[in-house]
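Participant: Take a look at this one; I'll ask things after.
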Amino acid sequence: MAFLWLLSCWALLGTTFGCGVPAIHPVLSGLSRIVNGEDAVPGSWPWQVSLQDKTGFHFCGGSLISEDWVVTAAHCGVRTSDVVVAGEFDQGSDEENIQVLKIAKVFKNPKFSILTVNNDITLLKLATPARFSQTVSAVCLPSADDDFPAGTLCATTGWGKTKYNANKTPDKLQQAALPLLSNAECKKSWGRRITDVMICAGASGVSSCMGDSGGPLVCQKDGAWTLVGIVSWGSRTCSTTTPAVYARVAKLIPWVQKILAAN
């Protein structure tokens, strides 16, 4: 059964820091919850943010694409009363140099449909810019014609559940390496629900899960990590043999560019 991977309470870039090149290098196992993932190296995914409500509850992930903008999933339902937390690794620690950033404006893709989960992207304009540092910087955006072929090994990160029936999410940021799938291959699991604005990955022993929604699926291009997908939906039990489905960022770039240019 298809399932959106947000957590509900009830269950253009910096000159000093180029995009997609972390100051602290990530270390990924070839097969690294996320289901069957592993703790990330602290600070090694500097664009990863946590979206939290006013009680401090983490409900979705997101990615910094500049000092002023975060990209996440439309189905996360972010509001301006929520906050973006940047520079975080361990959500159980009070020792980290985090940035808690207010949201000025929420731009949900007007073509988003909760029924089909097509166009699952929202842009967040920050009220005050993030301060880029060793542990806070932007991911690169793909161009509209970028092609990331099936079989490409990519990475996804998040504080989502490490088992679908876990009572709580992990404190430490999780990561997993996983291959991209062709949409034809993905349709073997999900049928006509898979559209050209989606990209699939996984079915390789790892999976995104509840609480990872909105976070990044990144692949390396010319030595820089590029945002290929946004965690969107998948198996209700976060099955590691079923592909996870992500919003296909390259297809959504024209809309992103339009919003950034107008704001």
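The first residue you see is number 1, and the count goes up from there.
Including glycine, each Cβ sits where the backbone N, Cα and C put it.
Not my notes, these are from Swiss-Prot:
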type     : residues  : note
SIGNAL   : 1-18      : signal peptide
DISULFID : C19-C140  : disulfide bond
DOMAIN   : 34-261    : domain 'Peptidase S1'
DISULFID : C60-C76   : disulfide bond
ACT_SITE : H75       : active site, charge relay system
ACT_SITE : D120      : active site, charge relay system
DISULFID : C154-C219 : disulfide bond
DISULFID : C186-C200 : disulfide bond
DISULFID : C209-C238 : disulfide bond
ACT_SITE : S213      : active site, charge relay system
Participant: Give me the CA-CA distance between D120 (active site, charge relay system) and C200 (disulfide bond), in Å, as a whole number.
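Facilitator: Rounded to the nearest whole number, the Cα-Cα distance is 14 Å.
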Participant: If you draw a 10 Å sphere on the Cβ of C76 (disulfide bond), how many other Cβ atoms land inside?
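Facilitator: Excluding its own Cβ, the number within 10 Å is 28.
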Participant: Between C209 (disulfide bond) and C186 (disulfide bond), how many Å separate their Cα atoms?
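Facilitator: Rounded to a whole number, the Cα-Cα distance is 17 Å.
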Participant: Work out how many Å separate H75 (active site, charge relay system) and S213 (active site, charge relay system) at their Cα atoms, rounded off.
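Facilitator: Just about 8 Å between their Cα atoms.
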Participant: Where does C76 (disulfide bond) sit by DSSP, helix, strand or coil?
Facilitator: helix
Participant: Between C238 (disulfide bond) and S213 (active site, charge relay system), find the distance joining the two CA atoms and give it rounded to the nearest Å.
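Facilitator: Given the Cα positions, C238 (disulfide bond) is 12 Å from S213 (active site, charge relay system).
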Participant: Roughly how many Å lie between the Cα atoms of C219 (disulfide bond) and C186 (disulfide bond), rounded to a whole value?
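Facilitator: About 18 Å separates the two Cα atoms.
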Participant: Hey, which of the disulfide-bonded residues C60, C186, C200, C238 is the loneliest by Cβ count within 10 Å?
Facilitator: C186
Participant: Whole-number Å distance between the CA of C19 (disulfide bond) and the CA of C154 (disulfide bond)?
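Facilitator: Pair distance, Cα basis, whole Å: 17 Å.
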Participant: Nearest to C60 (disulfide bond) by Cα, among C140, C154, C186, C200, S213 (recorded positions)?
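Facilitator: Nearest in space to C60 (disulfide bond), counting only the recorded positions, is S213.
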Participant: Can you check which residues sit near C140 (disulfide bond), meaning Cβ under 8 Å from its Cβ, same chain, 6 or more apart in sequence, and list them in order?
Facilitator: C19, G20, K221, A224, W225, T226, L227
Participant: Taking Cα atoms as reference points, which of the recorded positions C76, C186, C200, S213 is nearest to C154 (disulfide bond)?
Facilitator: C200
Participant: Of the recorded positions C186, C200, S213, which sits closest to C76 (disulfide bond) by Cα distance?
Facilitator: S213
